[in-house]
Amino acid sequence: MSSMVHKLPVSQRLGFSIGHVLNDLTASMWFSYLIIYFHQVKRFNNILAGLLMLIGQVSDALFTPFIGFESDSTVGICNLGKRKSWHFVGTLCVIGSFPFIFNKCIECGNSPDWAQFIYYAPFVVIFQFGWASVQINHLSLIPDLTPDEGERVELNGMRYAFTVISNLIVFGVFWLLFDLNEGNKDATMLNHTDSDRFRNLVFIAVAIGIVFSFIFHLIVREKVKCNQEFVGEEPGSSENLVSTIEGSMLQKTLMTWRCWLKEIQFYQIAVIYMCTRLFVNVSQIYLPLYITETLRMEKDNVAVMPLVVYVSGFFTSLVMRPLNKKIGRKATYFVGIVFAVSACIWMYFLGQSTSKQTYGAAVLLGIGGSTMLVTSLSMTADMIGENTESGGFVYGSMSFTDKLSNGIAVTLIQFLHPCTACCPHCNEYYRTILAFVPASVAVVAFVGLLTLLPTKLVRRLEPIVSNGTVKSQENNTNLYYDNEDDTRQPLLRKKTPSINNS
């Protein structure tokens with residue numbers, strides 16, 4: 001077999017890896033500082049702050065399947081390609097809405113909380129639409145750009161490396177904003193005097209993101225697919241299979257969204273991806289509150305501690321490709337779970353007298369989170385395989401579970417906050433949250449991983465090919481390849497006259 005794989009140029013790899021920087025910068029602020037900003041700076045009550053997060057996450061969850069489906073279906077504008085077209089639209093939405101979220105309410109700064117809540121909600125919805133559009137189409141570019149599994153892992157690793165760099169920029173700039181303004185920086189709680197720091201941070205972050213997005217669109221070239229001579233058909237009946245393969249004419253069986261819903265592995269990986277995102281996001285949201293309200297550390301640590309998490313995550317992402325290659329996806333993910341749960345256990349036993357140990361726990365948190373995230377994304381890309389025609393739907397569906405679970409989790413955490421009932425031990429609440437919630441979802445992810453052990457990733461059922469003849473498997477909606485060299489070569493189907501029943 002002499003199938004030559006085209007190596008992706010370095011410029012394309014680097015160009016792709018910076019295409020999510022604007023999203024990463026805004027997501028860093030969204031998850032790390034939205035709750036603490038509206039709770040301690042804007043003085044919203046816990047439930048209103050949680051509801052604002054819920055609106056954003058539910059909006060994102062509802063948008064993602066739609067965006068994924070439309071991204072797969074549309075052609076694109078001005079020869080940008082369908083993925084980059086949606087990416088560009090999403091970028092405009094993020095730029096036009098996100099700065100308003102971390103700024104004072106225009107002409108309503110002294111209004112009641114509920115009135116300001118109504119003001120901020122539309123900007124949150126527009127931001128989440130744009131963010132989802134950029135995320136799904138950037139991820140969908142990975143299988144479009146290269147068919148090589150190693151390169152896909154590398155692209156995911158490089159993408160995550162820039163995610164870490166973006167977070168380092170946010171936390172580093174925020175730290176500098178505290179350092180340059182000496183006033184009241186040693187206090188443990190943020191207040192309304194810190195609103196200017198958030199305003200400056202959001203403008204700097206968005207400006208940097210605009211530059212990286214421009215470079216991405218300038219460098220990356222998406223493959224614009226034309227009508228193919230051979231097309232796949234809806235799986236289901238073996239009557240549609242050709243009886244022979246002529247020469248070396250081979251091609252994949254196209255997957256529609258209905259086909260994905262019949263794949264068990266689709267749901268298994270969705271659970272793993274959802275739990276991974278839930279672990280990373282919940283720990284990111286409540287780490288600043290754990291630092292200020294539970295451990296009573298100086299408030300500039302809301303920038304320093306996440307910085308430690310992402311520095312360790314950055315160095316971890318650099319070894320993801322060789323580690324995945326050496327021990328495999330599942331074993332690598334398990335290693336991430338071990339580090340992640342260890343960090344949660346460590347944080348549970350910390351107190352004000354041992355608060356300096358938080359740096360060590362933060363390192364474990366960064367290693368565990370980055371390992372789980374990069375590997376789960378690589379699993380998703382593996383599952384898509386050569387079926388890039390519906391990659392947007394897959395990533396949209398994964399993101400749907402992620403956003404919806406995050407929104408529900410954060411809302412429940414805020415709703416159950418004991419300080420609403422003037423509980424004297426409410427400062428210990430965030431210790432419980434940061435220890436038990438991420439650890440619990442990591443355990444659920446481990447159970448999901450166990451269900452994958454008996455199967456191979458991307459081993460979708462396909463037609464059996466034996467001696468050049470296609471054989472069907474009765475009573476199976478999907479069929480396996482059975483080549484002697486165990487290589488999964490996609491099957492070509494000739495375009496035949498048929499009535500389109502769709």
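For all residues, glycine too, the Cβ spot is worked out from N, Cα and C.
Here TrEMBL flags 21-38, 85-102, 117-139, 160-178, 198-220, 266-291, 303-320, 332-349, 361-381, 429-453 as transmembrane segment.
Within the same chain, residues 28, 32, 153, 156-157, 160-161, 164-165, 167-168, 171-172, 174-175, 178, 284, 287-288, 291, 297, 332, 358-359, 362-367, 369-371, 374-375, 378 sit at least 6 positions outside the transmembrane segment (303-320) and bring their C-beta atoms closer than 8 Å to a C-beta of that stretch. Within the chain, the transmembrane segment (429-453) has long-range Cβ neighbours (under 8 A, six or more residues past its boundaries) at 265, 268-269, 271-272, 275-276, 278-279, 282-283, 286-287, 289-290, 293-294, 330, 333-334, 337, 340-341, 344-345, 347-348, 350, 368, 372, 409, 413, 417-419, 423. No contact links the transmembrane segment (361-381) to the transmembrane segment (85-102), because fewer than 3 Cβ pairs that are 6 or more residues apart lie under 8 A. Proximity of the transmembrane segment (266-291) to the transmembrane segment (21-38) is established through 3 or more Cβ-Cβ distances under 8 Å for residue pairs spaced 6 or more apart. Among residues of the same chain six or more beyond the transmembrane segment (85-102), those with a C-beta under 8 A of the stretch's C-beta atoms are 19, 22-23, 26, 29-30, 33-34, 37, 67, 70-71, 74, 76-78, 120, 123-124, 126-127, 129-138, 198-199, 201-203, 206, 209-210, 213, 216-217. Through the fold, the transmembrane segment (160-178) approaches residues 17-18, 20-21, 24-25, 28-29, 32, 185, 197, 200-201, 204-205, 208, 299-300, 302-304, 306-307, 310-311, 313-314, 317-318, 320, 370, 373-374, 377 of its own chain, all at least 6 residues removed from its boundaries and within a Cβ separation under 8 Å.
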